[in-house]
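Per TrEMBL, the features are:
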- 12-32: transmembrane segment (TRANSMEM)
- 13-344: domain 'Acyltransferase 3' (DOMAIN)
- 38-59: transmembrane segment (TRANSMEM)
- 80-99: transmembrane segment (TRANSMEM)
- 143-163: transmembrane segment (TRANSMEM)
- 175-194: transmembrane segment (TRANSMEM)
- 206-224: transmembrane segment (TRANSMEM)
- 236-256: transmembrane segment (TRANSMEM)
- 262-285: transmembrane segment (TRANSMEM)
- 306-324: transmembrane segment (TRANSMEM)
- 330-351: transmembrane segment (TRANSMEM)
- 377-399: transmembrane segment (TRANSMEM)
Amino acid sequence: MPISQQKKRIYIDGLDGLRAIAVLMVLTYHFRSHFVKGGFIGVDIFFVLSAYLITNLLNDEWQKKETIDIQAFWQRRFRRLIPAVVAVILVTFIAILFFSHTSWLNQLKDSLAALTYTSNWWYIYKKVPYADFFTQPTPLKHLWSLAVEAQFYLIYPFIFVYLKRKEDKAVKTWQVWGIFALISAILMGLLYQPESFDRVYYGTDTRFFSFMIGAILGTVWPWGRLNANPPQTVTRVLDITGIISFSVLMLLAIRVTEFQKWMYPVGFIVVSVFSALLIAVIAHPGSRVHLFFEHPLLRWIGQRSYSIYLWHYPIIILTTPSKLKFTQHFILILLQVVLIFIVAHFSYLFIEQPLKRSPLKKWGRDMKQAYHDNKRIALNLLVSSSLLLSLIIGTNLVAAKSVEQQSDRKAKTVQTEIKEKDTIKTEETEPIKKQTINKMIVIGDSIILGAENELKERFPGIIVDAHVGRQMSEGIVLLEEKYHKELGKETLLIVELGSNGPFSKRDLTHLLSLAGDSHVMFINAYVPLNWQDEVNQLLWTATHENDKLTLVDWYSVAQSNLQLLEEDGVHLNPDGASVYVDLIQQQLQSFDLILKQP
């Protein structure tokens, strides 16, 4: 049966399987898989599920007592959430203090935000991009979602009690939840900024609709009133609904990215609605879909999903050296996954389970008792973790050395080769009438910042406008507002954008329409993340369809010459900056540069 009684409380076994799917989505996303680009939607599944469960619990209590013991509710949440979070924060802080170059002071601030469940607002205040893969990663950044959830737990019981006391036939509770969901979704749409979506991604107010959709489900689909033996037609409808909902969620996890405009809020509403539909089917004892989600392996993972979520990101960040940050090193990932599951299992057995029903003053005693009852398991887990850490360190050293040697072998003469190509091209090409260029404007992100000095040294009078984290949408706005009047037949516009996220063909067309008669040179991206190929394909197609466009192929040079990059594997070191500008200069053979000095 999908529903079992545990100490007079209903427990739906299949929801453990859904938790497993959700946490595996998030895990795959944080490993930057090219096959599961939208794994971040696992968090939204958790939001909807949490609200559904909490609403059912509060409904049950209200029906029995016609009141809610809010203090007891918070104590249960506290015992469930706090201990494992504290363990993660302490272990992460100690690891950074002794083994990482990350600022301990910054980590302390992040830790305090995590402890007070304000991480989401802290990262909004600090302007920490959710999708920032290039600057020093924050090992506790994933706790933003727990902060949002905790803030929901803080205010929801008060609203629930108030509405229950005021509820009448004219206005139903679920209708109020619907109004709240609508307001939250509208807020997400209004506050969304294409160049920086972090405010709406982290914000409790702009994420609240996912919880409200779960609350609506908990109100209209209470688990205690579902018919265990429905007609065959109902069972068939439930199963079809469950299969479609699960398929939609998996398709979204594979296809969508956090950079797509339609996600804010339409995409996240779709995720939340189909999550609610799937939860409704799994919770119904008359469906057959729950059998899949009750698979023992999925249930095992789902029961430990909270610990897996807490531990996975710090483990990934702290055990991945910067030289391998953007490489898909299978052995390293496999070892990290095993370590994550071992540590999560330890956390589940010796922190989560013993303490979730214990009074605060008995935590120490209950942890000792749990260790005493499972001493052999504890020792095995500790030894296994130590061995895995040793293997990961060894793998990192070997892999990093291999990357260095491979790049050295491939690129000892890259600058010489580029210059030789320039010489050959100059000697073999018949004299042609060159296009006069009196203004060069470069628009880019932090990649071009690394070559700014080299560009200004070789091309006096060049205008370089670069900013960390800049997206194509931001570059378009910049052209419209700042440089539109300076573009013309004797202007060369160099565009280096796409390292921080994808853009669409429509964006590219818009930029070219703004460029008008200007000559446009695009520099493709080397950023081993899931949007790299999409960006480069768009640029390749555009430049091959239009003779006025030029493509600088930085990608081909960078992927074979990693020694030209900083430790993050993306940004230019001094040698890389020199080669980067060489490539640009190579494409200027058909132009006569007469730049006006500022």
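Cβ atoms are placed via backbone N, Cα and C, with glycine included.
Regional average pLDDT for the domain 'Acyltransferase 3' (13-344) in the model is 92.
Of the candidate ranges 12-32, 175-194, 206-224, 262-285, 262-285 contributes the most Cβ pairs within a distance under 8 Å of the transmembrane segment (236-256). Note: the stretches the transmembrane segment (80-99) and the transmembrane segment (262-285) are not in contact (fewer than 3 CB pairs below 8 A, sequence gap of 6 or more). No contact links the transmembrane segment (262-285) to the transmembrane segment (143-163), because fewer than 3 Cβ pairs that are 6 or more residues apart lie under 8 A. Here the transmembrane segment (143-163) has long-range neighbours at 43, 46-47, 50-51, 54-55, 58, 62, 67-68, 70, 73-74, 77, 81, 85, 113-114, 117-121, 123, 130, 173, 176, 202, 204, 207-208, 211, 215, 310, meaning same-chain residues at least 6 beyond its ends whose C-beta is under 8 angstroms from one of its own.
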